[in-house]
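Have a look at the structure below, then the notes.
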Amino acid sequence: MAPALETVAAAPPLPTTGERFNALLDQLMAGQWGGITPADWQLVAVQGGMRVALVLVILFVALTLAGWASAAVRTSLTRMKFDPTLSKFLAKMARWSVLLLAGLNCLGYFGVEMTTFAAVLGATGFAIGLALQGTLSNFAAGAMLLLFRPFKVGDVVNIGGQLGKVDEIELFTTSIDTFDNRRIILPNGSVFGATIENVTYHPYRRIDVLVGADYAADIDQTRMALEQALVTTPGVLANPEPGVVLLGLGASSVDWRVQGWAVSKDFGDVKQALIRSVKMQLDAAGVGIPFPQMQIHVSEPPQQTARRAA
């Protein structure tokens, strides 16, 4: 009869250095400092220092790659003649995506599991939402602005009394530059809830110049002078057709409206030129522009009048 073979249980594998470090890190974070030997402290110091150095290298590389990714996206979309508003937004999204992936990767070097991180984030999400109601509303409004695009980067807008050129549309704020070189940063919640006037939405704008002519001036001659002002002003378009409108008889003048069309981006310059031309043509035609005059009648008390008569 053959002798029975004795089975010897295999010894459990020794933990790796990384596993020992993670176990010690969990123990320290739980406040269980007892039983940690000097060798364990040395392991924590060496492994922790190496991982911190590695994380710093990863973050440096991530920052460099994020800048390259953002520039590459913006350059590619610009060459494709993509919308400037979305180009800026997508370029920033590319940058933050690279940084987010790098940050999540760095957490793994310190024993933070993604499942645990997601669970903690989900548990605190409700409290964060209550604390950041205004921020979340700005985020939602920013998404709506990017989706419906009532204006784009480069447009001149009037939002809540703030007039300027749109420079950036981000998820939380919209930045506009005023014409006296001030920077206005508006929360997207207030932007989306306000009345938005997009001044340069259409390619052409109508210029209205109101002018009053002297009652003594001939109406037909006045009309001819105003029409000549439209013809001689550079930048006034022939189509749509300009015109001169007789508005009415005012208290001290015959009121006219001189109206012409100009390219939206040239509106300010053409309006100034048209006002100048109107004044010059009226002067050349001898048509005066009346201005308000006040007559003061001085009356004396009856006693003083009688005394003077005596």
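Here the Cβ of each residue, glycine as well, is placed from N, Cα and C on the backbone.
Residues 87, 90-92, 94-99, 101-103, 105-106, 109 of the same chain lie 6+ residues outside the transmembrane segment (52-73) yet bring a C-beta within less than 8 angstroms of a C-beta in it. Summarising the annotation, TrEMBL assigns transmembrane segment to 52-73 (among others).
Residues or ranges marked as transmembrane segment in TrEMBL: 94-112 (among others).
Taken from TrEMBL, the feature domain 'Mechanosensitive ion channel transmembrane helices 2/3' covers 98-133.
Feature annotation from TrEMBL assigns transmembrane segment to 118-148 (among others).
For the domain 'Mechanosensitive ion channel MscS' (135-200), the predicted model reports an average pLDDT of 87. Residues annotated as domain 'Mechanosensitive ion channel MscS' in TrEMBL: 135-200.
In the domain 'Mechanosensitive ion channel MscS C-terminal' (210-289), helix, strand and coil residues by DSSP number 36 helix, 21 strand, 23 coil. Annotated domain 'Mechanosensitive ion channel MscS C-terminal' per TrEMBL: 210-289, in sequence order.
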